């Protein structure tokens, strides 16, 4: 993990599920400290490492923490940090959830670009895990897998019974396509006929047509899309954020189909159990 940021930066916004407005401050830290959250609104300001062992829940978003101190919807920010090779960072949050912003990683990318990044010493840079044997996690017809590969690449497929999305596949090779243009702009998405049910369950309180793409069976309610295949690109963004809990992204070809945060984090745990 080769970089931290040059100066602190602050971003404000509303959490997707909590509906609570929070302030996030990213602060540079010394080499070797890693990426970690700090709930500055709670007594003793508890620290929550951005690490697999702290995964608490993975239903519709990824939540880290322990009883009394959690942080939710961390995946878009963490995807940005790992894509930029920012490995040492304190993330101060004054609420229970990282704000959704526009539903993509673009706002994080823009904010970090304004302050810039600086490299750590070469001695402190660790090497990524290299996958040598296939690993798979599956639930019914959904799966996510890691296969040996000479480079790191991602292939993701989705299949929804909604005409605007339907079947989509997308492959991303970080060496060939820039995260900032290919992945970061892809926004979270949802379905009009599920909104009321999710809100009754206490979820998506902060969701709106300003921070998420929404479709019904026939059309998008808030076009235009940033890519024709924006939904599957966003799923790949989520996968990247969940795999970041390993530290560096392993060298592998990651293949996912109809997967979820739960399957993503299960694969990350299987990789950790196998190679650490």
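Every residue, even glycine, has its Cβ placed from backbone N, Cα and C.
Sequence-distant neighbours of residue 261 (active site, proton donor): residues of the same chain at least 6 apart with a C-beta under 8 Å from its C-beta are 58, 59, 60, 61, 62, 75, 238, 242. DSSP assigns residue 261 (active site, proton donor) to a helix in the three-state reduction. If you look up Swiss-Prot, you'll see 261 marked as active site, proton donor.
The Zn(2+) binding site annotation in Swiss-Prot covers 76, 234, 238 and rests on sequence analysis. A helical conformation is recorded for residue 76 (Zn(2+) binding site) in the three-state DSSP classification.
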Query = Counting only residues 6+ apart in the same chain, whose Cβ is under 8 Å from the Cβ of residue 234 (Zn(2+) binding site)?
reply = 103, 104, 186, 187, 188, 189
Ask   = Can you count the other CB atoms that lie within 10 A of the CB of residue 76 (Zn(2+) binding site)?
value = 31
Query = For residue 238 (Zn(2+) binding site), what is the secondary structure state per DSSP, taken as helix, strand or coil?
reply = helix
